[in-house]
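The following features are taken from Swiss-Prot:
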type    : residues   : note
BINDING : D313, D317 : Mn(2+) 2 binding site
BINDING : D313, D317 : Mn(2+) 1 binding site
MOTIF   : 313-317    : motif 'DDXXD motif'
REGION  : 319-325    : region 'Homodimerization'
REGION  : 391-427    : region 'Homodimerization'
BINDING : D457, E465 : Mn(2+) 3 binding site
Amino acid sequence: MEFPASVASLSANTVGSNDVLRRSIAYHPNIWGDFFLAHTSEFMEISIAEKEEHERLKEEIKKLLVQTEYDSILKLELIDSIQRLGVGYHFEKEIDRILRYVHQTYPIYDTENKDLRMLALRFRLLRQQGFHVPFDVLSEFIDAEGNLTESIAYDIQGILSLYEASNYGVLGEEILDKALDSCSSRLESLITDTDDDRLSRQVKEALKIPISKTLTRLGARKFISMYKEDDSHNEKLLKFAMLDFNMVQRLHQNELSHLTRWWKELDFANKLPFARDRLVECYFWIMGVYYEPRHEIARKILTKVIYMASVLDDIYDVYGTLDELTLFTSFVRRWDISGIDELPTYMRIYLRALFDVYVEMEEEMGKIGKSYAIEYAKEEMKRLAEVYFQEAQWFFSKYKPTMQEYMKVALLSSGYMMMTINSLAVIKDPITKKEFDWVVSEPPILKSSSIITRLMDDLAGYGSEEKHSAVHLYMNEKGVSEEEAFQELRKQVKNSWKNINKECLKLRPASVPILTTVVNFTRVIIVLYTDEDAYGNSKTKTKDMIKSILVDPV
């Protein structure tokens with residue numbers, strides 16, 4: 001996948017060939033090493049007592065869901081807390097049944113209930129679940145210009161709830177756009193005057209990344225702390241969420257231990273020293289998409305896939321010569337190692353490792369009757385290599401593409417088409433050939449995700465890369481300033497999110513695994529590429545995030 005990097009500089013580098021002038025980038029080394037392998041003994045096994053307590057508490061929460069009155073603020077708050085605590089996957093059927101009922105009884109106008117917090121929460125929960133409910137019931141709190149009415153001017157909880165709800169707007173809902181802006185500015189003003197530290201932290205987190213764009217696992221880690229400080233919290237739910245978090249964390253730690261062993265055997269750090277060495281960061285990426293225990297096999301395989309994609313990007317973008325890349329691409333295209341000795345040593349090492357990952361994928365999927373999906377996965381990896389090669393040809397020939405030419409290639413080189421197809425190929429959920437063909441056709445939701453990925457990547461990497469980017473090309477083509485280009489591209493990111501919201505409402509419930517995959521991958525991009533490239537430089541923000549959910553228990 002394409003990840004922003006610092007400016008490439010030419011240097012004599014001799015991995016695989018002698019005295020060849022190549023580009024090189026001073027990436028920082030792997031910061032985790034064999035941490036998860038060396039600390040395996042510290043990652044305790046889940047005891048029988050913990051499993052029994054976990055099951056007992058889960059049943060208690062189910063009873064709570066059933067016993068609480070339908071469509072009451074307590075029921076809605078309970079569902080919201082369950083989901084934000086990261087344990088919603090245990091109660092999917094119960095929550096869907098409840099929200100289906102709430103949707104069926106959802107009024108176009110609610111003349112009796114004037115509680116903004118409840119109305120906005122209900123609106124958000126239903127849209128999250130894929131129900132296209134109107135925003136009319138929220139309109140009495142917003143004037144025609146999108147400003148908040150005086151009646152709620154100091155209702156921080158209500159405005160925060162409306163802010164979160166407004167993030168689920170779609171194109172054409174201009175009133176929600178205006179409400180979002182009004183809520184943001186009002187919340188920033190109100191938290192300077194509140195003495196409620198917990199509420200202030202909650203608002204600051206929401207303004208940074210709203211619920212709609214938050215990774216479930218990362219959000220759960222933060223929300224557990226906030227929920228604990230809430231005097232009205234449910235003790236059983238809190239205990240269950242903390243136990244579940246720690247149990248799932250141990251599973252993730254053990255998975256990383258096995259993956260670290262694979263990584264050490266590859267020894268790319270020594271054999272391919274020009275490439276970024278980011279195994280744990282790749283696992284974090286995939287875990288952001290699939291954190292639930294049932295996706296154990298998918299996490300293992302997809303971490304290897306994204307790791308290999310990252311190295312592939314560096315082969316094309318940093319190290320390979322044009323002649324080497326031409327020959328290398330032909331081998332990827334054929335998906336055959338016959339005659340591989342024609343390639344430089346570093347390419348032979350890489351290609352054998354790549355093909356081994358797909359052999360493992362085929363073996364694992366054969367066990368669950370999804371062998372048919374592997375060809376789709378391979379074809380997308382081939383296509384990724386082809387677009388990387390196209391970009392390399394542009395670089396070596398000094399060709400400057402038009403914005404249209406660039407985006408056609410760059411949406412694919414963002415890697416999210418490849419990762420989506422590969423992910424759907426290895427998850428346990430049954431994905432039909434018809435659904436694969438639909439995804440391969442690049443439907444609007446996937447195109448919107450790729451636009452966000454590409455533009456966030458280019459915005460984060462602006463000024464630190466010598467290759468083409470949407471920022472440079474837009475400035476040159478439109479004759480605008482850097483600030484204007486950033487403003488326009490951020491607007492495109494915002495509109496693409498609205499398209500994703502729209503498609504989620506349009507396509508549910510038939511394509512839930514596909515929608516979940518696309519949305520979660522897009523959320524990872526928001527977390528890693530807002531304001532900086534936190535993958536290329538994973539020593540600060542990313543390290544802290546990984547530590548919070550993969551090292552430190554709650």
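Using N, Cα and C of the backbone, Cβ positions are placed for all residues, glycine too.
The two recorded residues D313 (Mn(2+) 2 binding site) and D457 (Mn(2+) 3 binding site) have their Cα atoms spaced 14 Å from each other. Comparing the binding-site residues D313, D317, D457 by how many other C-beta atoms lie within 10 angstroms of each C-beta, the top residue is D457. Sorting the region 'Homodimerization' (391-427) by DSSP state (H, G, I as helix; E, B as strand; all else coil) yields 29 helix, 0 strand, 8 coil. For the region 'Homodimerization' (319-325), the DSSP counts in helix, strand and coil order read 5 helix, 0 strand, 2 coil. In this structure, the CA atom of D317 (Mn(2+) 2 binding site) is 15 Å away from the CA atom of D457 (Mn(2+) 3 binding site). Across the range of the motif 'DDXXD motif' (313-317), the DSSP-based residue counts are 5 helix, 0 strand, 0 coil.
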